[in-house]
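Here is what TrEMBL says about this protein:
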BINDING   ARG44, ARG69, ASP87, ASP113, ALA114  S-adenosyl-L-methionine binding site
BINDING   CYS244, CYS247, CYS261, CYS264  Zn(2+) binding site
Amino acid sequence: MNLIEIKEGKASLLIPNPKDYEKEGRYDPSWSPVFYNPKMRLNRDISVLALSVIKPRSVVDALSASGVRGIRYYTEIGGIEKLILNDKNPIATELIKKNAEKNYVNAHITTKDANSLLYEIKADFVDIDPFGSPAPFILSAINATINKGYVAFTATDLSALECSSKFSARRKYDLICERLSFSKELGIRGLIAKVIREGAIIEKAAYPIFSFYFDYYYRVFFRIENGAKKVDKLLEKQGYYYECSKCGYREVDYYAERKICPRCGIEMRRYGPAWTGELWNREFLLSMKENLKNFTYFDTFMQVNKLLNILVEESKYVSPYFRLDFIASLIKRNIPKREKMLECLKEASITHFDYRGIKTNKEIDEIVNCIKIN
């Protein structure tokens, strides 16, 4: 295997040469014998930043591939006393050993099925960053997380979570999945709801503390706390979102019944069960923003800073975003400028989920009125 050296964050890494695995001038990381995706650099940078707030002493990267994620945590955070890097691919674990040695990382490296490993160990922080859906690993990852510890999941199967593939949504996430105008946010709420339900099985409450959408994936961090009563309170915030495709009226209910729009008389589209609570813990978010000054070496520093600034504003509003082009088309008006809408609504922000959307706790009628006068 021909290896090349790259640098990411403070880590120097050996990875398979992508040129050796090109097909007709194209390259996909999954074609390499060991997976390394440069497009996930932002994900890893933000995760390093999040761990600078969490400050875990023990970390498990259950699907390590090249080892880049766990190695970066060890070299860039400090204070990690135990690091487990695992991949069931023996070619990957041989490369992880080389990369760990290259970066002077003291890691326990295993070649196991991720679920088997996660039922054998406990850690302050567990990271699940799969190629595709995290669904097969959710329960075991929560099981491996200590009380008051943290777990993070990446999901790249947005076709399921955003309802392009309804059968996949049902199989993997138990979702009734009909496409609504704000599906980009509903996808992450559907993922959060699934994690909470999996934790409920073993009476572990999974509190979402930080989440974001970028490019083709979701990333969510949870704080885990033991206790059936805590779980019950979280489950009370699982519900179904409804939206009328004719007038834009929307509501939330806690039962998966079919609903008729009270204004138009047509059947509304629905999505759920989904998390209806906050997507961010503001204290955690502000701590991340404060710590960012220590990571000016990130290649994505400006991008991360911009994203965090948006999330700080978004976190003021619990309700999913409204898509301006969707509402404007329903009332046959031109799409207003977002700045004009923010000024009109007063209590609103842009959203990182969709450049066409705004976050606010105002109702649809107020948004319609603002579109009409702008």
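Please read every residue number as a count from 1 along the shown chain.
Backbone N, Cα and C define each Cβ position, glycine as well.
Everything TrEMBL records as a feature, shown here on the structure.
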| residue | record | Cβ neighbours (10 Å) |
| --- | --- | --- |
| ARG44 | S-adenosyl-L-methionine binding site | 24 |
| ARG69 | S-adenosyl-L-methionine binding site | 24 |
| ASP87 | S-adenosyl-L-methionine binding site | 26 |
| ASP113 | S-adenosyl-L-methionine binding site | 13 |
| ALA114 | S-adenosyl-L-methionine binding site | 23 |
| CYS244 | Zn(2+) binding site | 23 |
| CYS247 | Zn(2+) binding site | 18 |
| CYS261 | Zn(2+) binding site | 20 |
| CYS264 | Zn(2+) binding site | 14 |
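Distance from the CA of CYS247 (Zn(2+) binding site) to the CA of ASP87 (S-adenosyl-L-methionine binding site) is 50 Å. Annotated Zn(2+) site CYS244, CYS247, CYS261, CYS264; additional same-chain residues within 8 Å of its Cβ mean position, judged by their own Cβ, are SER245, LYS246, GLY248, TYR249, PRO262, ARG263, GLY265, ILE266, MET268. Per Cα geometry, ARG44 is the residue among the binding-site residues ARG44, ARG69, ASP113, ALA114 nearest to CYS264 (Zn(2+) binding site).
ALA114 (S-adenosyl-L-methionine binding site) and CYS261 (Zn(2+) binding site) are 45 Å apart (CA-CA, integer value). The secondary structure of ASP113 (S-adenosyl-L-methionine binding site), as reduced to three states from DSSP, is coil rather than helix or strand. On the backbone, the CA of CYS244 (Zn(2+) binding site) and the CA of ALA114 (S-adenosyl-L-methionine binding site) stand 42 Å apart.
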